[in-house]
Structure formats: C-alpha cells, structure tokens
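Take a look at the structure set out below.
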Amino acid sequence: MVSERQTWSLLQGGQCNEYTVAYINARIIDPASGTDYKGYLLTRGKEILDFGPGFFDPNGAAFAASEVVDCNGHVLMPGIVDLHVHLREPGGEHKETVDTGSRAAAAGGVTTVVCQPNTIPRLENVLVAKYLKMRALESSCVNIEFYGAVTKSDGELCDMASLKDAGALGFTDDGLPVMNALYMKRAFEYAQDLDVVVAQHAEDCNLSDGGCINEGLVSRELGLKGIPDISESIMVSRDIQLLREVPGAHYHVLHISTKKALDIVRAAKREGLRVTCEVTPHHFLLNESAVLEHGTMAKMNPPLRTEEDRLSMISGLEDGTIDCIATDHAPHAAQEKTRPISCCAFGIVGLETLLPLSLELYHNAGMSLMDVLSKLTSKPAEIVRLPRGKIAKGLVADLVIFDLEHVWTIDTAKFSSKSKNSPFQGRKVKGKVLRTVVSGKTVYRAE
C-alpha cells in the first residue's frame with residue numbers, strides 16, 4: 001500500500017503557500033520520454049514542479065513538502081487517457097452519471113475520459129456541450145473531454161466549428177456509423193480545416209442489421225443472427241478511400257475488432273495517410289466463445305470475434321498498427337442486460353478494469369511494459385492533441401501509482417460505476433491502482 005506522512009512546511013526561499021507533495025521511492029515510468037527509473041516527483045498546486053532519479057530528501061534545504069507519499073518502489077506514471085467512454089449524461093442517468101463514471105475512472109487510474117456524443121439529447125450543439133461541461137465542473141473528479149456528433153438527430157451535418165469552439169476534441173457518431181459517404185467526406189473536409197480528428201464506429205448496418213454476436217460458429221450453434229466481420233472492414237475501406245480525397249484529414253477507427261479491418265489500416269499507414277485506431281481489452285483478451293460462458297455480459301458492438309481476430313489485435317498492438325487502448329465503457333442497468341441475448345443491450349463497463357487487463361499484454365503476451373503503458377497514456381493524448389499523458393515540468397500533475405505485481409480478483413459488486421455489466425467478473429488479474437492524482441489532488445486511494 002502507499003504510505004504517507006504529513007509535514008506542514010512551505011517551499012523554502014519563497015512566499016508560495018500552495019500545497020506541495022513529494023512522491024519518493026517511486027519507479028517513474030513516462031512512455032512519452034522513455035523514462036524508467038527509481039526516483040522522485042514533486043508537485044506544487046496543480047503542476048509537476050520537478051522529478052528525477054535517485055534518492056530525494058523531502059525535508060532538505062531546497063524543498064519541504066506539505067505531504068510526502070512513499071511509493072515503496074511501485075510504478076508512478078502519467079494518468080491514463082481513455083478516448084472512448086459513455087458517461088450517459090444527459091438522458092441515461094439510470095445507467096451512469098458524471099459523478100459515478102468519474103469515480104469509476106479514478107478507481108481505474110483514468111484521469112481523462114473522452115465522452116461519446118450518443119447521449120439524449122445528442123451532443124450535436126453548443127447547448128448540450130455546455131451542459132456536459134457544467135456537470136463535469138459540478139460532479140467530476142477527473143478531466144472530462146468530449147467528442148461532438150458528426151450528424152444531428154435530423155440527419156444533417158452538425159456545425160463542427162461551433163462545437164470545436166465549445167471544446168469538442170473531435171467528431172464521431174459512435175454508437176452508429178456515419179453511413180452516408182458524402183457526409184463522411186464533408187466531415188473530413190471540415191475536420192481538416194479545424195485540425196481535429198473524425199472517429200468512426202466502423203459498421204455497415206446493411207450487413208449487420210439484426211445481428212447480436214459475431215457471425216460464425218457460435219452464432220450458428222446458438223441460432224442467432226450474426227454480425228459479419230466484413231461489416232467492419234467494408235466501412236474502414238470506404239472511409240480510407242474517402243480519406244485519399246482529403247489526405248490532410250485525420251481518421252480514427254474506434255474499437256477495431258477484425259483482422260481484415262486491421263490489415264486495411266496497416267496498409268493505409270504505410271501509404272502515409274493520417275489513420276489511427278484503438279482496441280478494447282475485451283477484443284484482445286476474449287473471443288466469440290466467451291458468449292457461451294458469459295451470455296449477455298459478453299454482448300457488445302463490435303462483437304467478440306474469432307480467435308484469429310483476437311490474436312491479430314495483439315499483433316497490431318505489438319507492431320504499432322493499433323495506436324492505443326480504450327475501454328468503450330458502456331454501462332447499462334441490470335434489467336437491460338438480463339433480457340434474452342437477441343434483444344438485450346450491447347456493451348460492457350471497463351474503466352475499473354482497464355489497467356490490469358491491459359497489463360496482461362505485459363505479463364502474459366510478452367509486450368514491453370513501456371509499450372503497453374504508452375498505449376494508455378501518451379498515445380491516446382496525441383491522437384486528440386491533449387497536453388496530457390506524460391510527465392514533464394510545468395504540466396498538470398495527473399498521475400497514477402500502481403502495484404505491477406499485485407494479484408486480485410475482479411468483483412463487479414465493488415465497482416464505483418453505477419452499472420456492473422462485465423464478462424470479467426471473477427477473473428484473476430495482476431496490477432492494482434493504489435492512488436490516482438488529478439491536477440495535483442488525490443482523487444482515489446486504494447483501501
């Protein structure tokens with residue numbers, strides 16, 4: 001556990017009375033700079049004041065801390081940036097709220113969440129954006145960012161410029177794809193001028209309509225309509241052809257799940273197009289057979305695919321084709337997941353399990369720890385051009401301390417999230433968040 005003691009001194013040599021914290025005996029890992037050493041980190045107010053290798057005396061002549069946190073050799077890294085979160089406000093407060101979702105994020109070491117716009121009403125105008133920002137200020141203990149919608153509820157394109165001015169980091173219709181090719185091309189054109197990303201839920205609904213799990217052996221065994229892998233790859237292929245017409249635009253594939261789509265992204269990157277993509281832990285840890293064991297808790301969109309697809313996701317992470325890991329945190333009320341699988345809700349929660357599940361790539365799949373952590377911190381921040389996900393003097397102190405070797409069992413009953421829908425209930429994992437810091441303030445501490 002993280003230990004601490006209190007002194008009540010000020011920075012010597014000045015009149016600053018901001019709260020100061022010294023994190024000592026830490027294994028500092030910063031993927032953005034390649035840093036990995038035992039050392040210390042100092043914060044003052046909301047910012048990182050200094051950090052470095054070796055021993056640090058928090059009561060020395062140069063610095064006396066308001067608080068000293070002994071990390072006991074555990075990893076201290078930048079806070080996790082999750083690009084794909086559904087906090088459900090406004091309109092879905094029975095599933096999740098900004099308050100409960102942000103506490104779930106803090107418990108998972110996630111210091112920045114990027115909300116998807118498929119709320120009720122949709123995040124398609126400045127009024128809804130202002131509402132979300134107000135709720136974040138009132139209730140959130142982590143940084144809340146958001147995507148704006150590409151299209152309005154009436155099917156017309158959103159005013160992307162005004163939404164960007166209101167704080168949108170990019171644009172997507174996640175939950176559904178932008179099916180209209182002309183609208184997608186226009187979105188690329190506007191986004192190129194605004195220098196923001198367009199993110200796509202890659203699915204051709206004409207092929208997937210009515211499907212509930214992957215089209216394959218399991219869907220046939222259960223007699224369920226399946227969602228074919230080409231519904232994803234055809235949409236990715238179409239979008240990349242459109243991107244060639246607007247080569248300065250940035251295209252991001254959300255929750256990629258198939259080898260076919262990944263191969264298309266890999267080729268586009270080699271071509272020099274601005275294409276990035278993300279993958280969820282469930283798509284690199286589980287395959288379609290999980291539906292037989294976990295039932296509705298293993299129903300999500302895109303669905304769990306074949307074992308070949310799952311292994312290709314790991315290969316994509318290893319070779320850099322997949323840029324980052326995101327949760328697609330999709331909370332649902334219990335009654336929405338206890339209906340028959342053919343008609344229950346898609347989606348699972350993921351904020352509180354993101355780090356340990358991602359660490360399975362390090363513990364079990366042979367990826368370097370630096371590579372795994374980069375896909376949770378600096379890489380997602382770069383995609384949406386946020387000055388977060390790294391450790392540097394003067395940056396906001398968003399930090400996570402975690403025990404790399406701690407073994408524990410996932411218990412959804414203990415989640416801070418309002419919803420408990422996860423196929424990882426009862427799974428033994430290794431790696432536990434001990435403390436989460438947002439803007440210099442501790443917002444979560446393990447019991």
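Every residue gets a Cβ built from N, Cα and C, even glycine.
According to Swiss-Prot, the features are:
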BINDING   His84, His86, Asp174, Asp328  Zn(2+) 1 binding site
BINDING   His86, Leu87, Arg88, Asn118, Asn301, His332, Phe346, Gly347  substrate binding site
BINDING   Asp174, His201, His255  Zn(2+) 2 binding site
ACT_SITE  Asp328  active site
Maximum Cα-Cα separation in Å among residues His86, Leu87, Arg88, Asn118, Asn301, His332, Phe346, Gly347, which the record lists as binding substrate
17
Using all protein chains shown, find which of the binding-site residues His84, His201, His255 scores highest when you count other CB atoms within 10 A of its CB.
His84
To the nearest whole angstrom, state the Cα distance for the pair Gly347 (substrate binding site) and His86 (Zn(2+) 1 binding site).
10
For Asp174 (Zn(2+) 1 binding site), the one of Arg88, Asn118, Asn301 that lies nearest, given that the binding-site residues are compared by Cα
Asn118
List only the single closest residue to His332 (substrate binding site), chosen from the binding-site residues His84, His86, His201, His255 by CA-CA distance.
His86
Whose Cβ lies within 8 Å of the mean position of the Cβ atoms of Asp174, His201, His255, the Zn(2+) 2 site, other than those residues?
His84, Gln116, Thr172, Gly175, Pro177, Ala199, Gln200, Ala202, Leu254, Asn301, Pro302, Asp328
For His201 (Zn(2+) 2 binding site), which of the listed binding-site residues (His84, His86, Arg88, Asn118, Asn301, Phe346) have their CA atom within 10 A of its CA?
Asn301
In this structure, which of the binding-site residues Asp174, Asp328 has the fewest other Cβ atoms within 10 Å of its Cβ?
Asp174
Want to know which binding-site residues, from His84, Leu87, Asn118, Asn301, Asp328, are within 10 Å of His255 (Zn(2+) 2 binding site) at Cα; which are they?
His84, Asn301, Asp328
In angstrom units, rounded to an integer, how far apart are the Cα atoms of Phe346 (substrate binding site) and His84 (Zn(2+) 1 binding site)?
15
Other CB atoms within 10 A, centred on Asn301 (substrate binding site):
20
